[in-house]
Ligand SMILES: Nc1ncnc2c1ncn2[C@@H]1O[C@H](COP(=O)(O)OP(=O)(O)OP(=O)(O)O)[C@@H](O)[C@H]1O
Ligand SMILES: [Mg+2]
């Protein structure tokens, strides 16, 4: 494959990465929370979309909505369970609880969906066409469009307006926010619902590219981690750039050096960036 | 009952096994400025925080708090705020990453409550107008106190609790801040004022509550309290005017 083809692949992959990571970006930026069950929530989102289309026979757009709704509910559930830890900003316990939650999800998914790999067949993945020598599908374009839309909306909300201001107040000092009349609990629940919905949306759009197994999700959580840290924790624009950058890097490195070492190389880049710019690419803008 | 804006009964606060506050009764009446004084660790902050069910730590708080006749002692902090009980906590904290303008805009009075307008707030604290586009973190200590009070006023207070608004301020600014507080009270807003500087507090308050180790040691009109030997001995020394 030539350079242009790899760049196109990289752009698509990068938008997929950014979309997968956006929930965590908001989680960290607004609530200073982490969710190590993120990958398994991606897996559940993919299975829900598959389940709604194949066994239930619902149209793909409805399946996307089913997955998003399930994701939002899962997000609400996990946050409701660990609300006390969140209010105390007990990060270590939250890591462990969300990690455990991910394993519970995986176990539940194995029981419900078994060990057979499934394929999420969607009408847009069947529409193929050639762009500058690269074969891409309408599904790929959908991923890019969805990522741009979600990031643009989010940036508009976070940078301007009342909702974003409330979010920034809670991020900076949740206790003080209570004294300003803000229902911090509701903000935390909303943020986790968004995280669940966003990762499920990403799954419903990105999962058609690969077989769906209950064991997927590990790569997604690693990608998310790299994107969020590289972008400057909590920075919406930074995450978008980092996602696209990581996608391009992965495609180029995989295409011209070796696909086997892309993850290792990504971490090498991440380490180098963090050493040179400790705040990430969007240093200064980030909500720490 | 209707002549009491804020009333606490049997307010008890404990950190772990340590009793930090045991308050049988405290009332704040319309048009009244009540000063709360006491040594470091006496429980002054614990008292005003507990009235909102608020703390940076994790205390156990029990007891009754009534605001304008309504029992609010079981409500979460933000609900008490929305009903008009406002607290400027110790240090006068503001949102450092928000600008002064955003700090003020973020404070919208809850439905049914009328807050001070921005113009009214700038009238009280002209300095804030000049700092409008500065980040909260870039303000001086005095400016932060002003902004924190201004934010509370915007939220439409029925009663205002101030935890040491004059701490760390230059002597001249202390009297400016306290006189502004007096102006608020005279305009109809009852205030509970925690103040280390007893000498300055006596000049403006109507009543004084003396706390010691979480209990009320003495309480009364300022005219009587300024002659109270316990106050004189501990706070005014022998140079009392
Ligand atoms: N977060 C906390 N955890 C444990 N104990 C606390 C906490 N906050 C206060 N205390 C204890 O409660 C008691 C009262 O403290 P408080 O802060 O109310 O005193 P204060 O009168 O406001 O003192 P200062 O004048 O220094 O502000 C003290 O013994 C203090 O050690
Ligand atoms: Mg104190």
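Backbone N, Cα and C atoms are what each Cβ position is placed from, and that goes for glycine too.
Within the listed segments A:167-186, A:187-206, TrEMBL records transmembrane segment for the stretch A:187-206. Looking at A:36-57, A:212-233, the range tied to transmembrane segment in TrEMBL is A:212-233. Between the transmembrane segment (A:133-158) and the transmembrane segment (A:187-206) there are 3 or more Cβ pairs closer than 8 Å, counting only residues 6 or more apart in sequence, so the two stretches are in contact. Comparison of A:12-34, A:64-83, A:90-113, A:187-206 by number of C-beta pairs under 8 angstroms to the transmembrane segment (A:212-233) places A:12-34 first. Segment contact is absent for the transmembrane segment (A:90-113) and the transmembrane segment (A:187-206), given fewer than three CB pairs below 8 angstroms at sequence separation of 6 or more.
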